[in-house]
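J.: After the structure tokens below, expect a handful of questions from me.
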Amino acid sequence: MAGADGDDSLYPIAVLIDELRNEDVQLRLNSIKKLSTIALALGVERTRTELLPFLTDTIYDEDEVLLALAEQLGNFTMLVGGPEYVHCLLPPLESLATVEETVVRDKAVESLRKISHEHSPVDLEVHFEPLALVMPTLRQAAEDKSWRVRYMVADKFSELQKAVGPEITKNDLVPAFQNLLKDCEAEVRAAAANKVKEFCENLPEDSRETIIMSHILPCVKELVSDTNQHVKSALASVIMGLSTILGKDNTIEHLLPLFLAQLKDECPEVRLNIISNLDCVNEVIGIRQLSQSLLPAIVELAEDAKWRVRLAIIEYMPLLAGQLGVEFFDEKLNSLCMAWLVDHGKLCLRYPFGISVGLPCVLMWWYFRMHGFAFQALSEACGQDITTKQMLPVVLKMSNDQVANVRFNVAKSLQKIGPVLDSNALQTEVKPVLEKLATDQDMDVKYFAQEAISVLALA
């Protein structure tokens, strides 16, 4: 009788084995979907000792079968005896998490996350955390012969860091990150450089500064002078954020020299990324300290023998002004802009804080360079009051200029700013000047004056 009972008790697992070996995929899939029923028939002990080992050893099937298995195992806690034995589900799920098909891996990871909440703290440490024993694989991937593999490790490094926790980060990820920052392939170095700030932010607080200063900053210093502009640009986009992590003293002593070197870099994108993020450094060390270090570099670049270098700084000036504020600009940079007005470069018009600083520069620049086309956009931005009181008098004064090009630019500019002016200004100030220019000896001046009169309906 006992023998018969024993034979009967083996029936469910025998059926499962037969069905899982069947050539019909649908039959195998149906068998997997009945796992819970089979487990109930076997009981918790035999499910743990027979069913799960069998599943673990025979995980090789069509993706849809493996997907169903990964999903089923996520609901198996009570079928193996409850939270006390839930760790028995880890081996088959770990195997499923390594298969080639992405949807199967994702479902296995989802089930692993699900059952992780059912582990006691002790069991988590003893059974679940050893699955962070991915470090041998990670180390291997970080040193893989294929640069694309190393690139993906660098690109996902922050996620890896958060997943493995502070201790593994200190012991294993820091050396791996250093190697990625020094990788022989520029694409890998660029991907790692882009993660510098985030990696440093996520370091354990009690050892963050030490790790950065001893292990990360030396690599960063090398990247500042990297031969590849994409690497330097990636670093420049995040390096300023280190100032908030390292504090005022370290920023002044160690980071400012790097910022200044990047500000002088020949690659425009590197310079732009530095200037775009000055505000976060300003918050840490203050505008005065920043200006003492930054201003000489800006002046040096502004007076560079190469006109393209001067032009680059001019083009960044609005952004720089917005980062440093009106007061600093008025005090330190306004005179520099005035000097540029006689340069062969061009002065950008789009000052973020607008009129009090930008307008005098633009008006003088207009006088020297005779670019009347700027006035329409500028007058619209300034509004009626400033256009009437500041812009209009300068334009009208230049209507008597001896150079014909200046006079016809006066006519063109009056046409462009006319819609912003009130009717009184148009009739009493603009109309007389345009009528005078309409009789000018120069044909171009006469043409543009007559056109302005027509457009503004002043005839």
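Every residue, even glycine, has its Cβ placed from backbone N, Cα and C.
Pulled these from TrEMBL:
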REPEAT    12-50  repeat 'HEAT'
REPEAT    134-172  repeat 'HEAT'
REPEAT    173-210  repeat 'HEAT'
REPEAT    216-254  repeat 'HEAT'
REPEAT    255-293  repeat 'HEAT'
REPEAT    294-332  repeat 'HEAT'
REPEAT    391-429  repeat 'HEAT'
REPEAT    430-459  repeat 'HEAT'
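Burial and contacts for the listed features, if you can.
T.: Sequence-remote contacts of a segment are chain residues at least 6 beyond its ends whose Cβ falls under 8 Å from one of its Cβ atoms, and for the repeat 'HEAT' (12-50) they are 58, 61-62, 64-65, 68-69, 72-73, 75-76, 79-81, 85, 88.
In the predicted structure, the repeat 'HEAT' (134-172) carries a mean pLDDT of 85.
Break the repeat 'HEAT' (173-210) down by DSSP state and the numbers are 26 helix, 0 strand, 12 coil.
Here the repeat 'HEAT' (216-254) has long-range neighbours at 174, 177-178, 181-182, 186-187, 189-191, 193-201, 208-209, 261-262, 265, 267, 269-271, 273-274, 277-278, 280-281, 283-285, 289, 293, meaning same-chain residues at least 6 beyond its ends whose C-beta is under 8 angstroms from one of its own.
Remote same-chain residues near the repeat 'HEAT' (430-459) are listed as 392, 396, 399, 404, 407-408, 410-412, 414-415, 418-419, 421 (criterion: CB distance under 8 Å, separation of at least six residues from the stretch ends).
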J.: I'd like the per-state residue tally for the repeat 'HEAT' (12-50) from DSSP, helix first, then strand, then coil.
T.: 33 helix, 0 strand, 6 coil
J.: On the DSSP side of things, how many residues of the repeat 'HEAT' (134-172) fall into helix, strand and coil, could you say?
T.: 32 helix, 0 strand, 7 coil
